[in-house]
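**Q** Take a look at this one; I'll ask things after.
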């Protein structure tokens, strides 16, 4: 049985249906990626899962339980958290305080301050700096670290490579081996198709609010992905 | 690059002990008239700090903090006069009464955001003022005297009030420091900085904000009661005067919002200006306003913000913008 399962999900911004009948399945220990162009509904889908979106209908089940109406903090305490798009750090707090906020989920586990500093040694050196004064890559590490401090079962990552240098992106993605090895299941949102296919066991492509393509990365051709990504021609597998 | 020392808990603890000792001994050395001035300074500082706490730490901008000043005062005066109880005994309960009032108002005012929230509390303050003004049993427009203090020794009253005012100062400086160092303080800062993300890591945003609101309003109420007990009379026009709000904002903005030190500096400046400009009549308010405008233009983070950036001093500094972040934020704007 899948750990997180979304079926027939619609999400609305006012009258606009940003997500239309979307679905996804995440098995325990798996890493999946959702790719798609700007405005395809990827972030909206992720926000809907953690209860940060507007009106929605459909089913979101976590560990067999319907979480569609749960408030965001309860979902976090149940074990789903996110690394939001644009990092969204607590800008006035130090790096260490940002990480400590993750304790609010009250989920003990392998991810402690020491474990996060072991994963991102640079953060240990910067622990007393204010989060707002860090570089983009460092901020992304804080954002991931803060999410890990909640010891999530499911980690939703919204465009962690956005605006970062390729070398930094590589460094950050390498850390996901350690993260998944600790038992965390991961959902990645990416515009970078190559990065997504390299990191994920299973890939969904979103187009205009629904899933236009899905499959294991090795089973998908470049042409199929291009068609599903941009909505050109036949996109069915 | 030198990492910033974000706090000095031992230094603060030593300072707390020294301040407490000085405040305990003060009535033995200070003349009664000066004691009364100190009560006024301490309570006005606490008003400002309560608003600073709401605006700078909880992220709730209110334009109606005078509501709790008046409510706290009226609670003590009315209950003391009616039941014949000692006002000093009732004073701690003015905190409970005002915190309770805030708790009941919260479900309604929390539905409003930003400017609407700010105005809504002002509206409640006006409604309460008008309600009291039209009730004879609450003294209507001419207000209530504090009957219980009539037979009391004036210097005993002044000394007792002084100790309550001193306790409020200790709470609003060192209590706020302790709170900001705690996990709850961390949650408050997180909610203020970014409520969506705070929720996404498991913080209950509503209850965190509720706690901050109730606490800030309760402290303002107790300070209001202390202030009016030291003048022996309360009337609705003065107790619920929006001018209280102006004074609080002047002190906090001029000193530096979101800092513990800022309102201390702001209060000192406010009382110094008031002393110097006392003879200037209406010009006094214009000069006060001009001073606030100049500080806002020259130092948007307040005087303490300048001191901190220039000299790198950060006495209570924890969980607030450090000098580097400040430059960073000014740079991007």
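The backbone N, Cα and C atoms fix where each Cβ goes, glycine too.
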**Q** According to TrEMBL, which of these ranges is transmembrane segment: B:139-156, B:283-300?
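**A** Checked against TrEMBL: transmembrane segment maps to B:283-300.
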**Q** TrEMBL tags one of B:210-232, B:302-324 as transmembrane segment - which one?
**A** B:210-232
**Q** Residues sitting near the transmembrane segment (B:12-30): Cβ under 8 Å, six or more positions beyond its termini, same chain?
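**A** Same-chain residues near the transmembrane segment (B:12-30) but 6 or more away: 38, 158-159, 162-163, 166, 169-170, 173-174, 177, 315-316.
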**Q** Which residues of the same chain, at least 6 past either end of the transmembrane segment (B:244-271), have a Cβ under 8 Å from a Cβ in it?
**A** 41, 44-45, 47-52, 55-57, 63-66, 69, 122, 173, 176-177, 180, 288, 291-292, 295-296, 301-305, 308, 315-316, 320-321
**Q** Given a Cβ distance threshold of under 8 angstroms, which distant residues of the chain, six or more beyond its ends, lie next to the transmembrane segment (B:283-300)?
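**A** Sequence-distant neighbours of the transmembrane segment (B:283-300): 250, 253-254, 269-270, 273-274, 277, 306.
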**Q** Could you name the stretch, out of B:115-132, B:160-179, B:210-232, with the greatest number of CB pairs under 8 A to the transmembrane segment (B:88-109)?
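**A** Highest pair count goes to B:210-232.
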**Q** With a Cβ cut-off under 8 Å, give me the same-chain residues at least six positions beyond the ends of the transmembrane segment (B:115-132) that come close to it.
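**A** Residues 60-67, 70-71, 74, 105, 108-109, 138-140, 236-237, 239-240, 242, 245.
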